[in-house]
Amino acid sequence: MENKNNEVCNISIFSCFPGPWGRCMGDECGPGGIQTRAVWCAHVEGWTTLPTNCKQPERPDNQQSCFRVCDWHKELYDWQIGSWNQCRPVLSRSHEKPLECVRGEEGIQTRDITCIQKSNGVPAEDVICEYFEPKPRQEQGCLIPCRQDCIVAEFAPWSECSKTCGNGLQHRTRHVVAPPQFGGSACPNLTEFQICQSSPCTAEESLYSLNVGPWSACSVPHSRQIRNRNRQNRQENKYWDIQIGYQTRQVTCTHRNGKTAALSFCKQDKLPITFQSCVITKECQVSEWSEWTPCSKTCFDMTTPKGNRTRSRTIKQLPIGSESECPQLEETEQCVSQGDGVAPCITYGWRTTEWTECRVDPLLSQQDKRRGNQTALCGGGIQTREMYCVQKCVDFVLTASRPVDRRLCTGPLPSTSQLCHIPCPTECETSAWSAWGPCTYESCDDPQAKKGFKLRKRRITNEPTGGTGNCPHLLEAIPCEEPSCYNWRIMGLEECIPDNEKPCGPGTQVPVVICVNSDGEEVDRQLCRDAIYPVPVVCEAPCPKDCVLSVWSAWSSCSHTCSGKTTEGKQMRARSILAYAGEGGIQCPNSSALQEARSCNEHSCTVYHWQTGPWGQCIEDTSVSAFNSSASWNGEATCSVGMQTRKVICVRVNVGQVGPKKCPESLRPETVRPCLLPCRKDCIVTPFSDWTLCPSSCQEGGATVKKQSRHRVIIQLPANGGRECPDSLFEEKECEASPVCYSYRWKTHKWRRCQLVPWYVRQDSPGAHETCGPGLQARAITCRRQDGGQADISECLKYAGPLPSLTQMCQIPCQDDCQFTNWSKFSSCNGDCGGVRTRKRTLVGKSKKRDKCKNSQLYPLIENQFCPCDKYSAQPVGNWSDCILPEGKMEVLLGMKVQGDVKECGQGYRYQAMACYDQNNRLVETSRCNSHGYIEEACIIPCPSDCKLSEWSNWSRCSKSCGSGVKVRSKWLREKPYNGGRPCPKLDHVNQVYEVVPCHSDCSQYIWVTEPWSVCKVTNVDLKENCGEGVQTRKVRCMLNTADGPSDTVEDYLCDPEEMPLGARKCTLPCPEDCVMSEWGSWSRCSLPCNGSSVRERSAESLRQPNDGKSCPTSTETEICTLNKNCYHYDYNVTDWSTCQLSEKAVCGNGIKTRMLDCVRSDGKSVDLKYCEELGLEKTWQMNTSCVVECPVNCQLSDWSPWSECSQTCGLTGKMIRRRTINQPFQGDGRPCPPQMEQFKPCPVKPCYRWQYGQWSACRVEVKDAQCGEGTRVRNISCVVFDGSIEDVGKAVDEEFCGEIEPIIDGNKKIILEETCTVPCPGDCYLREWSEWSLCQLTCVNGEDLGFGGIQVRSRAVIIQELENQHLCPEQALETRPCNDGQCYEYKWMASPWKGSSRTVWCQRSDGLNVTGTVQVSTHQNSLPVIHVVMLYSSQKPVFFCYTVCEDGYTEVMSSDGTLEQCTLIPVVVIPTMEDKKGDVKTSRAVNPTQPSSNQSGRGRTWFLQPFGPDGRLKTWVYGVAAGAFVLLIFIVSMIYLAW
């Protein structure tokens, strides 16, 4: 696409500028799109102007065609990414390179990236590929490693002398360890030679050798001989055409100097054969590729895997005599179907059934077996469901879809279990019974006769929820007479008013009354018009000197709640003497008159109440059937209306049912109520799945008949009388018999006539008049089924193994040849140890030299072989298996049968494999050792034991008797968990777990009750007056407060000790003339707030006036209201949340946390809530909140899978594995999952057999008298047994053990038992065989791989037999290849211990390989050689190459091969200097620039004269000095001569 973004047209001061191209738009996908851009005209100063100011002809285009990309183009176009180019250095700012390479040189490398069409590779515009994926980067940084020089191993030992007499050569070689890389130095010579001498030669040494040349290429005979020669060898097969030709070779006589001489110089009996038959090589020919098959995936879907398509070609000509095999005949590639007519692919998804009912018992059975059989369980539970795979619909409708194969669903698996919650029923809680009410009519609106009832009631304090529990009856009735609906209630008495307006004496007190209804509520006084109004009460206003009595106390609680034959309710009241009478006054009554009793609760003890039965089943009410409707498939409730009834009877307490008239009819509970009928749910199942597929391919012979099945899934269970589920969910039937598979084999036909070399080729050979000698023969091969029927050759190529040989060498015997049959098979051994087995052959044909052929020494006819001694021994191999529980019947330890334990614990067995060996230590079948292959040993998998706690103790009493406190209950540890059991909750230091909840005690539950004060007992008795100061007492008791008043006396600690009234006090008994006052009344309430500005008061009344002259004390007493003394503030206080409380029948799930509201006085004391309620304080706290106790779900495991196939088909290390998965992870304090998710078991040991090459024989020239030239080397193939490991080289066994094993060696089907080789002639210079591949070595720096991959190297050294022929030697060879799994290696110096004054120093690689030869350093022990390490940097890590120099003061003496031989002390001339009068020695030496010079303390600066270099040669300055000395000598001689 032409890029026009940079176009700018200029005219004078105006220019037109184009904007960026917009998005490609169009109706169709592809090249028909249009894209536009804005073009505007602007002044050079930057402001825009009219387009007409710009030159229109030069205006850039604002529209162009483009390629509109659509989503489906993603399958047609893609980025083609080329490989990275060679790393090239980046020019740095400083052109100076560092002196020392540490890591390498930074560089950059590029690659080509093109957008192409996938189908044909045609380049396309980049914008198409960029639409789907950004263009990959085209440049990246790289590293050019430091150079690495070639590294070689140390020399091998010297070879033997090349000659057994006279002067010869011996050599030693080394191989390359690491090749030169990144510009490193080339490898040094890999070969070293030296002259060796043996004893003098006694005979003349031969200078000539018979040299056999290589065979020529196979030639086709002359055309006139082709028809006759190949008539018998033509194959009636279109796949090959065998032509037998011939090949020749040259035989020459070679001098030791390498030159060719006449054959007469070589001594031989007869010349070697120079011709032989051969097969004309023909390469494999195949047809053109067929068209691609349709894509296996016929629908379009980008998310699922792609389909495949294939194409094939056929063989037209099989390869004959060629080492190359036929190319691949079938090709497969991925494909995607596209186009308008391609339908979208069917997709599949998981569908689940409805959840089962929530069940608590699985959780209980996992925890406490004693609770597993409880009914009416609630709280947290588990519910499950099944999943199945269905075909997804485009318009998804919630229907029962047909299940399909689960393997079609690839999405995430839906959960099949979840925690759930069953609401726990809240029990009905009621208040205490109220006091019995007055006798009243059943209904005050309709009074009837005189029948009435006394009622007492209680109310529901906690409504029942979550269940159908009924509350007990809330009302009890007692029949009574003279009922009334309204009565007067006396609230108190007015002041005693004496009669006749006297100041004292008898009088009356008018009662203060209100009108109340039967519930005790005050009503209008008019309603009591029919009730009897209380009459005034007679009283006595004491006169002076009269006895003064206190007012009557309140009536006590009734002694009985009802009256009967043996019980009668009584209540008491009392008064006390306040002042005794004087002379003439009214005396005090006796003690009996100070107490008064009356009857109470005179009603009968016969109590009646209505008793209700449970509500019955909800029955459809046809009268309201219009509201009824059906339910949808998923159970959404659209319910119908029904009716429920229950039985209501009148019951006499402690007796039973009585007539209904005994109970108040108006208060009878209802017996009928409407209800909602649960909707009917039918069972819903899916349709049957399709039948599973029968085997589509043929079956092997004897295969069992397969079956096919189908199934369906219940997705909704029936409920409420719905239709039941069908009985059959699974069906099965047998498949139709599949055709039996054909197996194929190669059929070989008879060998054809032996074909010799053409006559015109062999006619000049000695003995050519006889038609005999070596030749070739061919045979026909066809493909057959096992039943003998013909088959296409392609079937045999696939299934029948390697192709049998089409040709073989043959021999037409000559007259002088001995002819034998092939050896027979060895006879069988009779089983006796040390027996002999034989094989035979016989002479055939007519031979002129039959006597010669009968020579058994030359031509044996019988061969004997000792039979093996069958002695076998068994021994264990490998590790013990895991402890494996037997399948089926299970012994559980200690009788503990816990859910899931049969999968996890108990007695099992572990196994160890047994191997059987024969007397030659060869692995054999274990049955030879009478073993089934295993040692079994019993073992135990301990069963997990959960933490066991006791039951909850009873709740303790509330810690406070008034207000909010806490109550506690606890569990204690009975048994700790072990073996992976369910863990304990957090315990305290005494192994207990506590549960603390707030509680509230009613402050009026227990009250102090006092009796009236006793008479004041005067301490100083005035017998005349009986008055004065004294002490009085009273009884104080703590009593349980009930609706009828205080009832039972309880322990004092239950009442508030701070509120306990006084039991004794000082008092003053008034004298007869004194004023008598009543007891003080209650203090008035202080007004709030308590700030000290208010007062409270109390008052008393004058009961008796004093005599004249005396006055009464004040009748009112006040005191200042002081905070926290007599005045208090009140406020609400909220407690902490309790722990999460569950129902008694729940083990986990939803619960409630509660807290209490407390009324707290300003001094911190909790008081009755009424004090805060009276103040109207705001209550904003929430007292209850929901909470969750996590359900302790044990880990649930699947069953063990079947044992896998053995990991090895044979050998010692094979093992079988079985696995299990986690169906339900543990939650909360559930039992954790065991760590062992898989188990292994050793496989029975089976011997491994393989074909294995033997060693190559020495290269041998077949010709008898030939000494060198082209020859052959051979090796055999044998069957070996091994233990399956790489290390085992194997031991040879009979070939029958490998009879069923295809001859494949090192992954190559082509077996090579013979190959050509070259025997060097005496004097030849030649290359040795390749060395073994070196270890894989990485490019590293400081042990870090730089990512260049590994490399291996092998080399060939040069061998010289004559020094005069060195100019004919080839170059030594080096070959490298990349490799994986390489390592980083380091190099370091190694040294042997000192032996006298010398030791051995060598360089060694980190794996122990010596990379330089040993160096004998002969020097003084205190004068060690200086070790220099040359760092040959690679791309990762410096490679160290080692050499040595002598210490200061010693010179190196090198051997002829360049190695350090010894260090010799250098004579030193000491020249004193001015700085050091003792002598400053100066010596010159060659210094390694990488080694810093150093001065030794105690010595002056020194120079050492060192004439020899590190290589042992004289240094250049020595030659210079010598030349100067020579010139000086000539000059002196000349001057002397001239002087003469």
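The backbone N, Cα and C atoms fix where each Cβ goes, glycine too.
Heads up, TrEMBL stuff is auto-annotated, nobody curated it.
Annotated features, as they stand in TrEMBL:
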DOMAIN    150-201  domain 'Spondin-like TSP1'
DOMAIN    284-338  domain 'Spondin-like TSP1'
DOMAIN    547-605  domain 'Spondin-like TSP1'
DOMAIN    683-741  domain 'Spondin-like TSP1'
DOMAIN    947-989  domain 'Spondin-like TSP1'
DOMAIN    1195-1248  domain 'Spondin-like TSP1'
DOMAIN    1325-1384  domain 'Spondin-like TSP1'
DOMAIN    1437-1468  domain 'Thrombospondin type-1'
REGION    1480-1501  region 'Disordered'
COMPBIAS  1485-1499  compositional bias 'Polar residues'
TRANSMEM  1517-1539  transmembrane segment
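A contact links the domain 'Spondin-like TSP1' (150-201) to the domain 'Spondin-like TSP1' (1325-1384), because at least 3 Cβ pairs that are 6 or more residues apart lie under 8 A.
Across the domain 'Spondin-like TSP1' (150-201), DSSP assigns 0 helix, 22 strand, 30 coil. Counting residues per DSSP class in helix, strand and coil order gives 0 helix, 19 strand, 35 coil for the domain 'Spondin-like TSP1' (1195-1248). Mean per-residue pLDDT, taken over the domain 'Spondin-like TSP1' (547-605), amounts to 84. Residue counts for the domain 'Spondin-like TSP1' (547-605) under DSSP (helix as H, G, I; strand as E, B; rest coil) come to 4 helix, 19 strand, 36 coil.
Sorting the domain 'Spondin-like TSP1' (683-741) by DSSP state (H, G, I as helix; E, B as strand; all else coil) yields 0 helix, 18 strand, 41 coil.
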